[in-house]
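Structure first, then comments.
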């Protein structure tokens with residue numbers, strides 16, 4: 001299918017989902033500044049409705065032909081539409097996690113939602129950005145709002161430390177990425193748009209030069225920081241531990257979605273001439289991420305730091321699909337990413353609920369939770385087991401498909417490392433579950449003894465519990481419907497114009 005190019009600013013409904021969110025953001029500002037609404041909960045409702053509307057628009061757009069619009073700077077195809085849906089889905093699941101957290105910590109609701117929606121808009125634009133300037137501006141839109149969200153609890157010393165580290169590392173990574181872009185700009189003869197850069201590298205015969213390889217390395221390093229790939233992961237545990245937990249939940253997934261979408265587009269449009277080089281670099285990084293992330297996670301005593309290293313290992317698994325580099329590999333990466341959204345956010349939702357009721361984040365303090373809150377214990381255990389890849393949960397089927405696609409491509413060593421490290425992850429997840437289900441009174445902590453019992457009603461007024469129920473149901477049943485999900489993805493991904501499939 002030929003790619004339709006339209007140089008008008010708006011073409012049909014290409015950026016309508018983002019426009020809906022921008023309109024929502026402006027509406028919240030006006031309502032807060034002019035009308036001064038006392039019941040701030042209406043802002044959560046407006047945000048959720050706008051995000052749902054954006055997702056519905058993107059779903060209907062899947063039937064449309066790929067097109068480049070926005071003055072040639074934005075490409076809309078089914079690949080980036082799926083990733084834009086995922087980012088909006090993350091925001092929808094994270095907003096309920098934030099409602100009770102913001103109320104308990106007495107933070108400003110309006111500013112929090114503005115930063116969250118702006119980060120969502122930046123991530124969605126990043127998925128379809130078609131030139132270097134749009135990529136960089138979208139990335140900074142996501143990054144700057146992430147810094148503000150990380151330091152949102154200004155009176156918390158750990159939060160201030162986290163945002164300072166995040167800001168310094170983020171600024172460094174953006175500078176490195178911009179330097180890589182400058183090499184592409186120079187080598188291609190002064191081009192900005194991705195396809196024109198690729199054509200320029202061919203016309204100047206620089207596509208296989210040392211300069212192109214240097215640009216590739218700097219771009220991988222710059223995006224590697226955003227994705228928490230080893231060895232660019234050092235900031236992740238400290239930022240996860242110090243930032244507000246709902247913010248960590250959002251960043252742990254949304255940044256990965258946007259970063260992966262950007263990597264796939266860059267590698268397939270700009271660097272199709274250097275497949276061996278970027279395959280090798282990403283394969284080494286994926287192996288290191290899986291091994292180091294899981295090994296260090298075993299030693300952690302903080303639940304958030306443990307999940308930080310777990311997320312490092314998870315991006316290593318997702319890299320397997322990217323390194324596979326074919327149609328099945330990208331499909332398996334998207335399938336696992338979908339499952340990861342629910343099982344990871346479900347885990348964070350459980351941690352937020354426990355933290356609000358006890359004020360602790362220590363893994364040992366979860367001991368004996370089943371005696372006071374069986375529902376939370378059951379939910380956290382299922383999400384952790386799904387992250388570990390235990391059958392018949394969604395995480396198992398996602399990893400199985402991911403490893404199978406890599407095996408068919410001949411990435412045997414990568415699959416072996418993935419299987420080995422998955423076993424390691426099951427070990428430390430089971431350690432936590434063992435603490436949760438202990439019934440010996442002497443091992444039950446004081447935090448659990450004073451714990452407020454949660455409601456078992458599915459109609460609970462607690463928004464966090466609603467998110468937990470949604471994520472747990474998805475973590476259980478999405479894997480059962482994996483074949484229809486794969487078929488739907490494959491049908492829609494065949495409409496791509498940039499992937500070499």
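Quick reminder: no glycine exception, Cβ is built from N, Cα and C everywhere.
Taken from Swiss-Prot, the feature transmembrane segment applies to 15-35, 42-62, 82-102, 107-127, 132-152, 167-187, 244-264, 278-298, 307-327, 378-398, 410-430, 466-486 (among others).
Long-range contacts of the transmembrane segment (278-298) within the same chain, counting only residues at least 6 positions beyond its ends with a Cβ under 8 Å from a Cβ of the stretch, are 216-217, 220, 224, 228-231, 233, 267, 271, 306, 309-317, 319-320, 322-323, 325, 411, 413-414, 417-418, 421, 424-425, 427-428. By the Cβ criterion (under 8 Å, sequence separation of 6 or more), the transmembrane segment (42-62) is not in contact with the transmembrane segment (378-398), since fewer than 3 such pairs are found. Comparison of 15-35, 132-152, 307-327, 410-430 by number of C-beta pairs under 8 angstroms to the transmembrane segment (167-187) places 132-152 first. Residues 283, 286-287, 290-291, 293-295, 297-298, 306, 310, 313, 316-317, 320, 323-324, 384-385, 387-390, 399, 402-403 of the same chain lie 6+ residues outside the transmembrane segment (410-430) yet bring a C-beta within less than 8 angstroms of a C-beta in it. Through the fold, the transmembrane segment (15-35) approaches residues 42-43, 46-47, 49-51, 53-55, 57-58, 61, 69-70, 74, 76, 84, 88, 110, 113-114, 117-118, 120-121, 124-125 of its own chain, all at least 6 residues removed from its boundaries and within a Cβ separation under 8 Å. Sequence-remote contacts of a segment are chain residues at least 6 beyond its ends whose Cβ falls under 8 Å from one of its Cβ atoms, and for the transmembrane segment (132-152) they are 70, 73-74, 107, 111-112, 115-116, 118-119, 121-123, 125-126, 159-160, 162-164, 166-167, 170, 174, 177-178, 181, 184-185, 192, 194, 197, 226, 239, 242-244, 247, 250-251, 254-255, 258, 262.
Beyond the ends of the transmembrane segment (307-327), by six or more residues, the same chain brings 227-230, 233, 236-237, 239-241, 248, 252, 256, 260, 263-264, 267, 275, 279, 282-283, 285-290, 292-294, 296-297, 300, 333-334, 336-337, 340, 344, 347-348, 351, 387, 399, 402-403, 405-406, 409, 411, 414-415, 418, 421, 425, 490, 493, 499-501 to within a C-beta distance below 8 angstroms of the stretch.
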